[in-house]
Amino acid sequence: MLLRILLTGLLGVLWDGVTAFGGVRLVDGENKCSGRVEVLRHEQWGTVCDHGWDRREAHVVCLELGCGLAESALHEAHFGAGSGEIWLRHVQCSGHEASLTRCAVVLHSDAYCTHENDAGVICSGTLLMPTLTLLSPHTVFSPGEAVRFGCSVLLGHHLSDFHLYKHGVSTPLVTQRAEQGPTPVELTLTDIETFHQGSYSCRYRIKSGFPPQLLSSPPSNSINITVVELLTPQHWYNTSTEAPAGSVIKGHNFNITCSTPQQYPGGSFQLRLIRSNGTVRQTLPALSPSVTFTFPDAQSSNEGYYYCLYRVQMGGRTFISRESQPLPIAIRDPDPVLSPMVISWIVSSLTFVVTVVVIIIVAKVLCNKEKKPTELERETRTCVDNTYVALSINKL
Ligand SMILES: *[C@@H]1O[C@H](CO)[C@@H](O)[C@H](O)[C@H]1NC(C)=O
Ligand SMILES: *[C@@H]1O[C@H](CO)[C@@H](O)[C@H](O)[C@H]1NC(C)=O
Ligand SMILES: *[C@@H]1O[C@H](CO)[C@@H](O)[C@H](O)[C@H]1NC(C)=O
Ligand SMILES: *[C@@H]1O[C@H](CO)[C@@H](O)[C@H](O)[C@H]1NC(C)=O
């Protein structure tokens, strides 16, 4: 078989050299992409005998005409018998030829051909749709990662290149030359960013016609990829207004709120407290972009540095944001409390004490006055007494 193809190929090259073909057309079909195969030689259209006429030869005709690929290779004048010369008999293509007239011909075929053996073809009109697959094991990615796609097509030859398209972008993001060999061809998006999130499809191009032109296939199925970029959450705390900044009064309530600028479904917030004797973690589901951790009764065990992070599970992977800046919280003892009752009690006690002291002082002063008459009093009395004595003497 291989020998035969080699032989016919060699003969075909010789044959090619001595003939002058001008083109190929399909006639009497439904459209320009189906019908009886006719070739032009010496400015005269003639037919092709159906011996050895197969899908491989039909593909070459369809590609040459820009009609996609062959859907069927037809025998026995399916589109009616032609007229004039039968220019090609027992043509054998390898599939890589740009034109039917470049395919080899089995020269010494003993076949007897009439126009009842005219070959026909129905082409697909367009190229077959390629298939896009994801070679990466998941559909959700972090920025900076690479996404590997595979684009495959049944056609093995005439392939020129493969393109990866993002929905909504007209130019291909990745181009890969077609290698001889099995598809799928790998198309890799490297170092992705959030704007790469979206829907992807691939196309291939084939060299078709003579002179060759590039014919683009229809787009493949599409695959969505998601790019998760978790931004660092913010956090703050609220407590009673009398607490100085950065602190909470022991026994009062306080709340720490964690907030993310971009929320994904099913995420959660983790609050981490680093205190002098260890680390404590708490988690709450991120039902909204901000979540509040409540502490109804502040104790010294609540003192330390608080950190928030946001975590989300998507497509079987866990994504974790960076931790927020530390939020230090000190727990203070309450100031001594002066209630109105205590104040009035203190005031009345003080009043009582002051009154008692005043009474004692006054009593003491009065008592001293009675017991010890002063010098002046004594002299005065003496003086009065003497006067009385003197007066009495004068009367005598
Ligand atoms: C891809 O995403 C678009 C919109 O985001 C959606 O309409 C489409 O159904 C998705 N396709 C697949 C295959 O998931
Ligand atoms: C909580 O604290 C934040 C930041 O300190 C402040 O903007 C917000 O108004 C406070 N909320 C309440 C309810 O006090
Ligand atoms: C903390 O949150 C709870 C419950 O949401 C609320 O009742 C309380 O007033 C909040 N405390 C502060 C200091 O904002
Ligand atoms: C750390 O100290 C707090 C009180 O300050 C206490 O409640 C807690 O059990 C201690 N934790 C460990 C791991 O020792």
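Cβ atoms are placed via backbone N, Cα and C, with glycine included.
Summarising the annotation, TrEMBL assigns disulfide bond to CYS49-CYS113 (among others).
As annotated by TrEMBL, disulfide bond applies to CYS62-CYS123 (among others). Under the three-state DSSP scheme, CYS62 (disulfide bond) falls in the helix class. The Cβ of CYS62 (disulfide bond) has 26 neighbouring Cβ atoms from other residues within 10 Å, across all protein chains displayed.
According to TrEMBL, the disulfide bond annotation covers CYS93-CYS103 (among others). Under DSSP, CYS93 (disulfide bond) is assigned to coil, being neither helix nor strand in the three-state scheme.
Positions annotated as domain 'Ig-like' by TrEMBL: 130-203. Regional average pLDDT for the domain 'Ig-like' (130-203) in the model is 89.
The signal peptide feature in TrEMBL is assigned to 1-20.
The transmembrane segment annotation in TrEMBL covers 342-363.
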Intrachain C-beta neighbours of CYS93 (disulfide bond), sequence separation six or more, cut-off 8 angstroms: ARG56, GLU57, HIS59, VAL60, LEU100, CYS103, ALA104
Alpha-carbon distance [CYS62 (disulfide bond); CYS113 (disulfide bond)] in Å: 23
CB within-chain contacts under 8 A for CYS123 (disulfide bond), separation at least 6: LEU26, CYS33, SER34, ALA58, VAL61, CYS62, LEU65, CYS67, GLY68, LEU69, ALA70, GLU71
Fewest other Cβ within 10 angstroms of its own Cβ, chosen from the disulfide-bonded residues CYS49, CYS103, CYS113: CYS113
CYS103 (disulfide bond) - helix vs strand vs coil (DSSP): coil
Helix, strand and coil counts within the domain 'Ig-like' (130-203) (DSSP): 3 helix, 35 strand, 36 coil
